[in-house]
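Asks: One structure, pasted below without further comment.
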Amino acid sequence: MTQMTTADVPSMGRRQFMNLLTFGTVTGVALGALYPVAQYFTPYRAGGGGGGTNAKDELGNNVSASGWLSTHPVGDRSLVQGLKGDPTYLIVEGEDAITSYGINAICTHLGCVVPWNSGANKYMCPCHGSQYDSTGKVVRGPAPLSLAIAHVSIEDDQVLVSQWTETDFRTGTDPWWG
């Protein structure tokens, strides 16, 4: 084996050391700042092997099916916090039944919350006039797409909301929000 002499070993000068230190610091800060951005663009996945995420009321409490049905009449469309905390309409379809889907209340035009207009029997966006029928299908623009939908299920009296991945029954196409 040959031994290297000190003349063969490159030395790191003070300037090169400071450059590497600065580069490492800036890289670390940049990666730390980019992490939340990357998380934002990563699709949400409902955790666990269960039926989804608990729907929450306006106070952040889990929604129970029996409690919801006892305080909301047939045909009622009221908002809960659904997937990702988005406002989602739960629809009471019978004295003891909630529809198997919920309608995301975020307008597909510019993101306004779309209220239900019971007199017109449709969702009407207050921002730019987009209108959606009772299932959330767009009937008048400028919104380009129907409102997103999510599965609604009941397990142990808890209302659960989960991602809709099947064909959109309103349009016959794959869901755009998936």
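Heads up, the Cβ atoms here are built off N, Cα and C, so glycines get one too.
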Asks: Check Swiss-Prot and name the cysteine among Cys107, Cys112 that pairs with Cys127 in a disulfide.
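Replies: That record, Swiss-Prot, gives the partner as Cys112.
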Asks: Mean pLDDT over the domain 'Rieske' (71-161): what is the value?
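Replies: Per the prediction, mean pLDDT sits at 89 for the domain 'Rieske' (71-161).
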Asks: Tell me which of the recorded positions Cys112, Cys125, Cys127 sits in the most Cβ-dense spot, judged by other Cβ atoms within 10 Å.
Replies: Cys125
Asks: Specify all same-chain residues, apart from the site residues Cys107, His109, Cys125, His128, whose Cβ lies within 8 angstroms of the center of the Cβ atoms of the [2Fe-2S] cluster site, ordered by sequence.
Replies: Thr108, Leu110, Cys112, Val114, Cys127, Gly129, Ser130, Pro142, Ala143
Asks: Determine the most Cβ-crowded residue among the binding-site residues His109, His128, using a 10 Å radius around each Cβ and all protein chains in the structure.
Replies: His109
